[in-house]
Amino acid sequence: MNQSPPGIIFNIQRFTIHDGPGLRTELFLKGCPLRCEWCSNPESFMPYAQVGVYKTKCISYKKCAACEETCPQENILQFTRGKLTSIERHDCTNCLACHNACPSDAIKLWGKSMSVEECMEEIRKDKGYYERSGGGVTVSGGEPLLQSEFVAKLFQACRSEGIQTCLESSLYVPWKKVQNVLPYTDLIISDIKHMDPEIHKKYTKVSNDKILKNLIKLTAEKRNIILRIPVIPNVNDDMVNIESTADFILNELGGKIRTLQLLSFMRLGEEKYTALGLPYKMKNVKVNRRSFQKHIQMLAEYFNQRGIHCVVGTKEK
């Protein structure tokens, strides 16, 4: 097998059950061209390793100061009441010296370079569980197809060992990158965030045109696809958008999807935004969980009435 560039991975989760069938090992790759306001993984945005600051874990400047002593830049580490609270990101060279010096995990590293074989060593640990549960490997992100060459080689390695593969992708990439991985991909999970290109751009910073075109191409190739809608209050949960989404699935995709999954908005990841010095734009969004779940269930019933197999959550039944 030809050598591929290493993958930049920020998390590997074992025994996941939400992104594909059975028990799975899920790899999360760095880098994403979208900036969805509700994203729970802001550490996935940038395509390189970076650090986050967790001030509650800081020992204190007086007792330690290892980060300050090793940082090659001057005055970019910000301390409040003796504890590290933030980093001036525009002056940071991302050398990771502060993380390497920190003895208390107050400076957390997100992103690690891993070869295909290093990933396979992790994946093989649970091969027996995949076989018994009908599971396998899922690669997510971020946008994993920004590292499509790595994903293709990883999926080739999985296939050679009889391990099922699943790709979770926004599909906001050139079609060529999708084609790179298709021969080795058993299942694709993607989502439709909004049908209106301007509203889509308002909340994700990109248009939906490329995404929808790639979905059409995938269904034309008779690919195994699970579609999702992250249901965000007052963003995409109105009937105008829901009806437009159903029309697209039926008319443009020919209804050729395995399942449509509606995922309820959850306020997750706020602590990570703070650690990265980023604003969390959903901070003031308040949801009555019971009434919102009823609303989502009503939306699922609408899709099912239109002949689209739809469920609430990540299961398929």
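Using N, Cα and C of the backbone, Cβ positions are placed for all residues, glycine too.
Swiss-Prot has this to say about the protein:
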DOMAIN    18-306  domain 'Radical SAM core'
BINDING   CYS32, CYS36, CYS39  [4Fe-4S] cluster 1 binding site
BINDING   TRP38, CYS39, SER40, GLY142, ASP191, ILE192, LYS193  S-adenosyl-L-methionine binding site
DOMAIN    49-82  domain '4Fe-4S ferredoxin-type 1'
BINDING   CYS58, CYS64, CYS67, CYS102  [4Fe-4S] cluster 2 binding site
BINDING   CYS71, CYS92, CYS95, CYS98  [4Fe-4S] cluster 3 binding site
DOMAIN    83-112  domain '4Fe-4S ferredoxin-type 2'
Across the domain '4Fe-4S ferredoxin-type 2' (83-112), what does the mean pLDDT come to, as a whole number?
95
How many Å separate the Cα atoms of CYS67 ([4Fe-4S] cluster 2 binding site) and CYS92 ([4Fe-4S] cluster 3 binding site)?
13
Its residues classified by DSSP, the domain '4Fe-4S ferredoxin-type 2' (83-112) shows 8 helix, 10 strand, 12 coil
Taking residues 6+ outside the domain '4Fe-4S ferredoxin-type 1' (49-82), which of them lie with a CB under 8 Å of any CB in it?
8, 30, 43, 88, 91-113, 271-272, 275-277
Cβ-Cβ distance under 8 Å, sequence separation of 6 or more, same chain as LYS193 (S-adenosyl-L-methionine binding site); the residues meeting this, in order, are CYS36, HIS200, TYR203, THR204, ASN208, ILE229, PRO230, ILE232, ASN236
Are there any residues in the same chain, six or more apart in sequence, whose C-beta is under 8 angstroms from the C-beta of ASP191 (S-adenosyl-L-methionine binding site), and if so which?
SER170, LEU227, ARG228, ILE229, PRO230
According to DSSP, folded down to helix, strand and coil, what is CYS67 ([4Fe-4S] cluster 2 binding site)?
helix
Close binding-site residues near CYS95 ([4Fe-4S] cluster 3 binding site), where close means Cα within 10 Å, chosen from CYS32, TRP38, CYS39, CYS102, GLY142:
none
List which of the binding-site residues CYS32, CYS58, CYS71, CYS92 have their Cα within 10 Å of the Cα of GLY142 (S-adenosyl-L-methionine binding site), in sequence order.
CYS32
Any idea what the Cα distance is from SER40 (S-adenosyl-L-methionine binding site) over to CYS92 ([4Fe-4S] cluster 3 binding site), rounded to a whole Å?
24
Entry from the binding-site residues list CYS64, ILE192 having the most other CB atoms no farther than 10 A:
ILE192
CYS32 ([4Fe-4S] cluster 1 binding site) versus CYS58 ([4Fe-4S] cluster 2 binding site) - Cα distance in angstrom
30
Looking at Cβ-Cβ distances, which residues of the chain lie under 8 angstroms from TRP38 (S-adenosyl-L-methionine binding site) while being 6 or more apart from it?
TYR203, PRO230, ILE232, VAL235, PHE265, MET282
In Å, rounded, how far does the Cα of ILE192 (S-adenosyl-L-methionine binding site) sit from the Cα of CYS98 ([4Fe-4S] cluster 3 binding site)?
39
Any idea what the Cα distance is from CYS98 ([4Fe-4S] cluster 3 binding site) over to CYS39 ([4Fe-4S] cluster 1 binding site), rounded to a whole Å?
27
